[in-house]
Amino acid sequence: MSDEEVEHVEEQYEEEEEAQEEAPSPAEVHEPAPEVHVPEEVHEDALEDMREEEEEEEKPRPKLTAPKIPEGEKVDFDDIQKKRQNKDLMELQALIDSHFEARKKEEEELVALKERIEKRRAERAEQQRIRAEKERERQNRLAEEKARREEEDAKRRAEEDLKKKKALSSMGANYSSYLAKADQKRGKKQTAREMKKKILAERRKPLNIDHLSDEKLRDKAKELWDTLYQLETDKFEFGEKLKRQKYDIMNVRARVEMLAKFSKKAGTTAKGKVGGRWK
């Protein structure tokens, strides 16, 4: 028996139940109408109308018969209910499958987005690395060019000095002694500079404050401040002393120049004839 035939049988069965509910009981159908006491004043037409209505009510209604089911076939309502449940389950399963497919698609899109972000981040890091490497190469190239130029300048100056020395050495031995003296003076200056560096290195001790506490750090800072203040005071006093010394030297030079002028004038006025000749 096909599904369409089963549904058709179900519809006929439901229509039969509704008709039986709406149909009146046999007692109501065959119950005689009550007698009506009509007053004498009522017109005969009204009586006839009432009789016609009573006759219509007393007419028997057609009996409803159940639909005929083909012989050899039985309607299994459990099977119908089971099919409905299976249909609902299939629809629910389809909804669940579509939900999980959409969720799986969203997860795949999220994974693809993360992969694109990671790829872009790696590309950006690679670009930064290449840019930094190029910048490093450029700095190295500039440093090499600078060192090469300095080396060429030093070589050129050395060649020029050598040419000057050769040209001047050909002029005589006197210049060689002059060069020796100049080299000696230069050596003395370098020695004095080295001595100054050595003295400063001895005076300037390394500041080791990693192991000190807060109180000792404050004491050390106060000590350094006092030392700096004393150095500035000494510097100011030495500057003032140097100014006074320069002023005294200028005064002495002015007096010496004035005395030299007066002595020259006195020498010219004291000239005279001594021993038959002018002095």
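Yeah, the Cβs are placed from backbone N, Cα and C, and that goes for glycine too.
Fair warning: this is a prediction, and the values are worked out from it, not measured in the lab.
Marked as compositional bias 'Acidic residues' by Swiss-Prot: 1-21.
Feature annotation from Swiss-Prot assigns region 'Disordered' to 1-82 (among others).
Residues or ranges marked as phosphoserine by Swiss-Prot on the basis of similarity to another entry: Ser2 (among others).
As annotated by Swiss-Prot, N-acetylserine applies to Ser2.
Summarising the annotation, Swiss-Prot assigns compositional bias 'Basic and acidic residues' to 28-49 (among others).
What Swiss-Prot lists as compositional bias 'Basic and acidic residues' is 70-82 (among others).
Annotation comment: Swiss-Prot describes Ser98 (among others) as phosphoserine. Taking a C-beta cut-off of under 8 angstroms and a sequence separation of 6 or more, Ser98 (phosphoserine) has no same-chain neighbours. Mapped onto three states, the DSSP output places Ser98 (phosphoserine) in helix.
The compositional bias 'Basic and acidic residues' annotation in Swiss-Prot covers 121-163 (among others).
The region 'Disordered' feature in Swiss-Prot is assigned to 121-200 (among others).
Under the heading phosphoserine, Swiss-Prot lists Ser169 (among others), citing similarity to another entry as support.
Annotated phosphoserine per Swiss-Prot: Ser176 (among others), in sequence order, evidence recorded as similarity to another entry.
Here Swiss-Prot flags Ser177 (among others) as phosphoserine, drawing on similarity to another entry.
Taken from Swiss-Prot, the feature compositional bias 'Basic and acidic residues' covers 191-200 (among others).
The feature phosphoserine is assigned by Swiss-Prot to Ser213 (among others). All protein chains shown were included, and the count of other CB atoms within 10 Å of the CB of Ser213 (phosphoserine) stands at 8. Secondary structure from DSSP puts Ser213 (phosphoserine) in coil.
Annotation comment: Swiss-Prot describes Tyr229 as phosphotyrosine, evidence class similarity to another entry. Sequence-distant contacts of Tyr229 (phosphotyrosine), defined as residues of its own chain at least six apart whose C-beta falls under 8 angstroms from its C-beta, are absent.
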